[in-house]
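Heads up, the thing below is written out as structure tokens.
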Amino acid sequence: MKFSELWLREWVNPAIDSDALANQITMAGLEVDGVEPVAGSFHGVVVGEVVECAQHPNADKLRVTKVNVGGDRLLDIVCGAPNCRQGLRVAVATIGAVLPGDFKIKAAKLRGEPSEGMLCSFSELGISDDHNGIIELPADAPIGTDIREYLKLDDNTIEISVTPNRADCLGIIGVARDVAVLNQLPLVEPEIVPVGATIDDTLPITVEAPEACSRYLGRVVKGINVKAPTPLWMKEKLRRCGIRSIDAVVDVTNYVLLELGQPMHAFDKDRIEGGIVVRMAKEGETLVLLDGTEAKLNADTLVIADHNKALAMGGIFGGEHSGVNDETQNVLLECAFFSPLSITGRARRHGLHTDASHRYERGVDPALQHKAMERATCLLIDICGGEAGPVIDITNEATLPKRATITLRRSKLDRLIGHHIADEQVTDILRRLGCEVTEGKDEWQAVAPSWRFDMEIEEDLVEEVARVYGYNNIPDEPVQASLIMGTHREADLSLKRVKTLLNDKGYQEVITYSFVDPKVQQMIHPGVEALLLPSPISVEMSAMRLSLWTGLLATVVYNQNRQQNRVRIFESGLRFVPDTQAPLGIRQDLMLAGVICGNRYEEHWNLAKETVDFYDLKGDLESVLDLTGKLNEVEFRAEANPALHPGQSAAIYLKGERIGFVGVVHPELERKLDLNGRTLVFELEWNKLADRVVPQAREISRFPANRRDIAVVVAENVPAVDILSECKKVGVNQVVGVNLFDVYRGKGVAEGYKSLAISLILQDTSRTLEEEEIAATVAKCVEALKERFQASLRD
């Protein structure tokens with residue numbers, strides 16, 4: 001927000017210079033982005049009057065004038081401005097004057113005619129970019145007065161960044177309140193005298209959306225002169241705030257917006273059919289806006305309508321049909337309180353960002369509308385004339401924001417600030433902020449002012465007290481902290497350790513958005529309902545992720561589109577699953593996921609080009625699981641997942657509970673996502689693995705190990721892992737290692753069966769095993785496999 005320093009000082013005028021004022025505003029939490037003079041550096045320019053104006057005898061576009069600047073004679077000045085005329089009060093640079101850019105005014109002859117000065121435009125004085133003509137001053141401007149003094153050009157434009165919680169500072173009144181509080185000065189508000197109704201004209205107003213519009217004020221003003229010029233003082237204040245003068249009616253509403261922070265709008269009353277209806281738009285309803293563009297409205301957009309059509313987007317932009325124009329004689333002034341939620345995001349949807357929507361999205365003082373209406377009515381009648389009707393007030397008290405009542409405890413205040421502020425000082429600060437304060441024992445009860453809807457909880461009051469007291473006044477004290485050795489459970493497995501392992505295996509960590517495209521997510525998790533955001537950054541980021549796969553697969557596509565075909569990435573982060581049993585109805589699980597695709601190895605002259613397969617990723621995953629000490633308790637089971645290939649995927653179970661999936665992306669999903677080639681993914685619920693099994697030290701056998709190989713024929717649907725587990729269970733005391741080293745299908749093995757070649761490592765810690773014992777254990781394993789899986793030894 002930009003504003004004039006002199007305008008601010010009309011409300012509150014602390015005895016500090018501009019730099020100190022800017023620093024004070026910054027320290028109050030309203031960061032000053034810049035302080036710029038409102039005009040260039042110049043001197044020797046005074047108010048003058050064009051007494052005579054005649055055509056230059058030797059030039060069609062020049063005029064010869066005689067100008068009174070209050071001296072003992074009239075000055076001859078040649079001027080080329082098209083608006084130069086007799087009787088006009090102007091800004092005159094006299095001989096010896098120096099204009100911006102070190103331009104010195106000297107006596108000269110222009111096309112044979114003497115010129116003893118220059119009639120100046122706004123651009124020539126560095127005031128604005130307007131160079132269409134010379135400055136036209138009011139007829140009562142005192143001749144001979146220094147123009148800097150008359151236009152109050154010894155002023156600065158201050159630009160501040162207003163945080164979303166301080167919407168009350170989007171008007172001069174809000175900044176002035178803060179400056180007054182910080183300097184313990186009274187706030188000098190302009191006198192706003194209610195304008196009595198001189199006519200009975202009204203319009204019927206109906207509010208059909210009270211949740212979106214809690215208060216709507218309307219007032220008819222008849223017989224205005226819309227072509228009346230806006231006073232120079234108002235134009236200058238608007239200009240110094242970065243707003244261009246348009247016409248008197250619009251300038252008045254903009255002035256009130258800047259002064260009080262209350263958006264207003266003026267309708268051409270004669271173009272309103274029937275009356276005003278505040279309602280939600282009909283789906284697909286259209287409205288031609290003031291800038292000539294057509295907006296197609298959604299059913300959640302608030303509109304101001306008459307009995308036949310929409311006239312304006314409520315709190316955002318007016319419509320062309322009902323806008324004020326050169327023929328307007330009667331207007332309806334609108335001043336309303338729209339709830340922030342009913343405005344937020346609607347302007348952005350149509351590519352708009354207006355001063356009104358900026359304020360309504362952040363919140364407007366719900367007690368301000370009557371004051372703003374009276375201020376606008378008074379200014380409008382003073383400038384344009386006319387007669388005002390009564391104020392029409394439609395208010396729904398039930399939906400108006402209520403002022404918060406907050407209890408501030410002394411213990412909380414001292415603990416958060418780390419410094420004791422006297423009771424009477426705390427009370428004084430809260431009252432100067434506009435709170436209604438009741439003192440209690442070691443506490444204060446404060447009712448927040450209507451304009452401070454960001455005051456809701458105790459911490460808000462602590463922040464306000466510290467801010468006004470001054471952060472610089474809180475003494476620095478070293479933090480007293482004893483050095484206590486932290487405890488560490490050996491069973492805690494750091495996620496950082498797992499990340500290091502994956503890095504060592506060639507993976508790179510990525511971080512993707514928690515917001516994802518709901519359409520893509522639905523492809524990966526069909527039929528699963530996700531949490532949708534009410535105000536998303538974009539449609540493609542409007543759902544909370546159900547897994548990390550959505551972001552990881554998008555990252556793979558992004559890399560493949562840039563000729564990076566060998567990708568190994570992983571991510572850890574939260575997923576958000578709807579769960580009625582969880583707080584707020586959403587369960588947040590910490591997940592670890594990874595993706596690989598492309599060649600198994602980097603390109604090398606001595607390595608074959610082989611594409612990664614299921615077992616590459618499963619091997620990496622087993623390395624991660626091995627860190628947890630739970631690998632022996634993990635099972636990989638064939639289980640359907642709509643995102644994975646049915647024949648090249650597995651569910652991961654730990655002690656009978658599913659903790660994740662691993663597999664090749666389903667070919668259909670691969671096609672829809674534009675993935676280039678086979679892509680493999682895994683995902684684990686990390687919280688179920690973080691508590692690792694601490695390895696127990698065991699005696700290392702000094703006796704020789706014995707290997708025996710067996711080949712068993714089993715049905716095709718028998719998982720090899722079950723065969724290995726059964727061998728371990730049967731030979732628990734002597735079998736120290738079981739490994740699958742070959743799978744065979746073909747000649748000698750019936751169709752629907754497979755041959756598994758297994759090595760058994762047998763060893764004892766106390767003695768050398770005899771051949772009979774070894775043979776007995778192997779036979780025991782074979783018998784167990786035969787009983788459970790109908791396995792037979794292969795010939």
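Every residue, even glycine, has its Cβ placed from backbone N, Cα and C.
Here is what Swiss-Prot records for this protein:
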| type | residues | note |
| --- | --- | --- |
| BINDING | D454, D460, E463, E464 | Mg(2+) binding site |
| DOMAIN | 39-148 | domain 'tRNA-binding' |
| DOMAIN | 401-476 | domain 'B5' |
| DOMAIN | 701-794 | domain 'FDX-ACB' |
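For D454 (Mg(2+) binding site), other Cβ atoms within 10 Å of its Cβ number 18. Under 8 Å, Cβ to Cβ, and six or more positions away along its own chain, D460 (Mg(2+) binding site) finds I406, D454. Averaged across the domain 'tRNA-binding' (39-148), the predicted model reaches a pLDDT of 92. Broken down with DSSP, the domain 'tRNA-binding' (39-148) shows 5 helix, 48 strand, 57 coil. Sitting within 8 Å of the Cβ centre of D454, D460, E463, E464, and not among those site residues for Mg(2+), are the Cβ atoms of N165, R452, M455, E459, L461, V462, R467.
Listed binding-site residues: E463, E464. The one with the lowest count of other Cβ atoms within 10 Å of its Cβ is E463.
A helical conformation is recorded for D460 (Mg(2+) binding site) in the three-state DSSP classification.
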